[in-house]
Each structure stands twice: as structure tokens, then as C-alpha cells.
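Visitor: The structure under discussion is supplied below as C-alpha cells; questions concerning it will follow.
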Amino acid sequence: MSTFKNTTSSSVIFFLTGVPGLEAFHTWISIPFCFLYATALSGNSLALFAIVTQPSLHEPMYYFLSMLSTTDLGLSVSTLVTMLGIFWFNAREISFNACLSQMFFIQLFTVMESSVLLAMAFDRFVAISNPLRYASILTDLKIAQIGVAVVTRGTLILTPMVVLLKSLSYCRSHVLHHSFCFHPDVMKLSCTDTRINSAVGLTALITTAGVDSIFIILSYLLIIKTVLSITSSEERKKAFSSCISHIGAVAVFYIPLISLSFVHRFGKGVPPYVHTLIADAYLLIPPVMNPIIYSVKTKQIRRAVLKVLRTTATKN
């Protein structure tokens, strides 16, 4: 067993990992990942551009969708360089400060996505329960305030978690188990007491995705109660169909998150590459699937995207 020198955070170099056991196939593995990144970047950019440029989409629901597309773009860009760098060039080294920066932005955009999904659940509740007051409740100012609150909340909750890592010493192997910097992964490499770090990380998870998921469920219980009180079956169907896209977005965010948590907790005998692939899927599935879900299920978005594509094709 080799002994590792106690190293201060300022001089640490970490080594990222691709897909353990499948290093010889990294070039081939990069092909589907490139396709997923291209889909995520192009799909979210197109949806965001359509919402910004089409006046017919300047409504609360689509403003929240533009926030979702922005967070998905940020999440994709945060992991793009290191993941493809490993697959293409075996570029595994990352400095401590660069690792902290990547970790912060991955966590920030993840928390922002959870917050936006909660805001969208509130949007659907207001639209169904108070359709006549919808525009007066969700004004442009109110939506802007929600957007600022989403960013501020994530920054305030995550900053202590990341800053506390700088006070640790790292004297074990500097090999991380993912192709990006992940808080528990970095924390495990420390040779000092990490109980405070663990507590802060758990608190951040509970107060973000944990709390948001509870309020999303409560919002849908209220939505179901409101829908069931509508006498017309046609109106009930119309009201519920307006929630389908959002339910899909919630599913593609929380199902991979829950799957990753279960694998980390109960999958001790699972091959290491399974952990890695599920972690990568957790970060890639929402950015890839959200624009597809909203384009397929929301007629206005589909029309706006097709209009943008036709306009671009005509100009070329």
C-alpha cells in the first residue's frame, strides 16, 4: 500500500475517471455521449431562442420553460469539457480550484432545475385553480423575482458546502470516481474529519431537492383536487393535459436522481461502470429529454420551433 503525502488543497491535482473497466472502448463510448450532448445543446438552445423571439410565447408558462432550458444548458456545459476530454484525449487531470468550480456549477444548475420545476408546478396550479387571475398573479415582475430567488437560493445553500472543502487536507489517492467533480467523491479523499462537510452536504440536499419534491407533490394533490371538482369531463381532460409536459420533466429529473441514490446506497456489488453510467445519465437525461417532451406535448412550442427552423432555412 503506497503512502500519500498530506497535501494542502492549493496544490492538489485530482484525476478524473472515465468508465472503469471500459477504458479501451472510450472512443466508442464517446459517440452516444456526443449525440446526447448535441441533442441537449441544440434542443435547449432552440427552445430558448423560440421563446425569446416569438411574442406568442411571452407568457408565464413559457418564461419558466426558458428558465428550465437555461439550467439544462448550464448543466450540459458544466460537464461537457471534462467528460469528452477523458473519452477523446484521456485528459484526466484537474486542479483543485477547477474541480471546485465545476462541482459548484453542476450542483448549482441541479438545484436551480429542482427550483424551476417547483415554480412550474405552482404555475400549473395557479393556471388551473385561478385561470381568470393567472396573468395578474404571475406578472412579469413576479416571474423575474422568482428567477432571482432561484439563483440566490442555490448560491447561498451551495457556497458553504464548496468552501468547506478548501479547509480539508488530502493525503489519500487523488483519483476521483467520475468524469466530473462530485462533492461526496472529493470529500472521501480527505484525511481529515469530514463530518461537518457531510452534514452540510446532506442539509443542502434535503433543503433543495427534498423540500422541492414535497411541495411539487402537494401542488399536484391540489391540482388533482381542483380538476376533479370540474363538472365537464372535457374541461377536466384539458386541464390535466396541460400538466403532462411538466410531469414528464419532473419524472426525468427525479427518477435518475433516485436511481443514483439507490445504486450508491445498495449497489455495493454492482460493477463500477454501472455507478459511472448512472451518474452520467443523471446529468444528461434531463437536458436531453426536456426539450423533446415540451416540443412533443406542447403545441405552441412545437409550432414556434418549426417557425424558427423554417425562417433559418429560408435565410440560408
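Even glycines carry a Cβ here, placed using N, Cα and C.
Sharing the feature lines straight out of TrEMBL:
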DOMAIN    43-294  domain 'G-protein coupled receptors family 1 profile'
TRANSMEM  35-52  transmembrane segment
TRANSMEM  73-91  transmembrane segment
TRANSMEM  103-122  transmembrane segment
TRANSMEM  143-165  transmembrane segment
TRANSMEM  199-223  transmembrane segment
TRANSMEM  244-267  transmembrane segment
TRANSMEM  273-293  transmembrane segment
Visitor: Please compute the mean pLDDT of the model over the domain 'G-protein coupled receptors family 1 profile' (43-294).
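Guide: PLDDT averaged over the stretch: 91.
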Visitor: Do we see three or more Cβ pairs under 8 Å linking the transmembrane segment (199-223) and the transmembrane segment (73-91), pairs being at least 6 apart in sequence?
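Guide: They are not in contact.
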Visitor: Using a Cβ-Cβ cut-off of under 8 Å, list the residues of the same chain that are 6+ residues beyond the ends of the transmembrane segment (103-122) and lie near it.
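Guide: For the transmembrane segment (103-122), the nonlocal Cβ contacts are 61, 64-65, 67-68, 71-72, 74-75, 78-79, 146, 149-151, 153-155, 157-159, 161-162, 180-183, 186, 204, 208-209, 212-213, 215-216, 219-220, 246, 249-250, 253, 283, 286.
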Visitor: Quick check: do the transmembrane segment (73-91) and the transmembrane segment (244-267) share at least 3 Cβ pairs under 8 Å, counting only pairs 6+ apart in sequence?
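Guide: Not in contact, no.
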Visitor: If we skip the immediate neighbours and take only residues 6+ beyond the ends of the transmembrane segment (273-293), which ones have a Cβ under 8 Å from one of its Cβ atoms?
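Guide: Contacts of the transmembrane segment (273-293) (Cβ under 8 Å, skipping residues fewer than 6 from its ends): 17-22, 33, 36-37, 39-40, 43-44, 46-47, 68-69, 72-73, 75-76, 79, 83, 106, 110, 113, 177-180, 182, 245, 248-249, 252-253, 256-257, 259-260, 263-264, 267.
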Visitor: For the transmembrane segment (244-267), give me same-chain residues lying six or more residues beyond its boundaries with a C-beta closer than 8 angstroms to one of its C-beta atoms, as numbers and ranges.
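Guide: Same-chain contacts beyond the flanks: 68, 113-114, 117, 120-121, 124, 209, 213, 216, 220, 274-275, 278-279, 281-282, 285-286, 289-290, 293-294, 297-298.
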Visitor: How about long-range neighbours of the transmembrane segment (35-52): same chain, 6 or more residues beyond its ends, C-beta under 8 Å?
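Guide: Residues 58, 62-63, 65-66, 69-70, 72-73, 76-77, 80, 84, 284, 287-288, 290-292, 294-295, 301, 304-305, 307-309 contact the transmembrane segment (35-52) from elsewhere in the chain.
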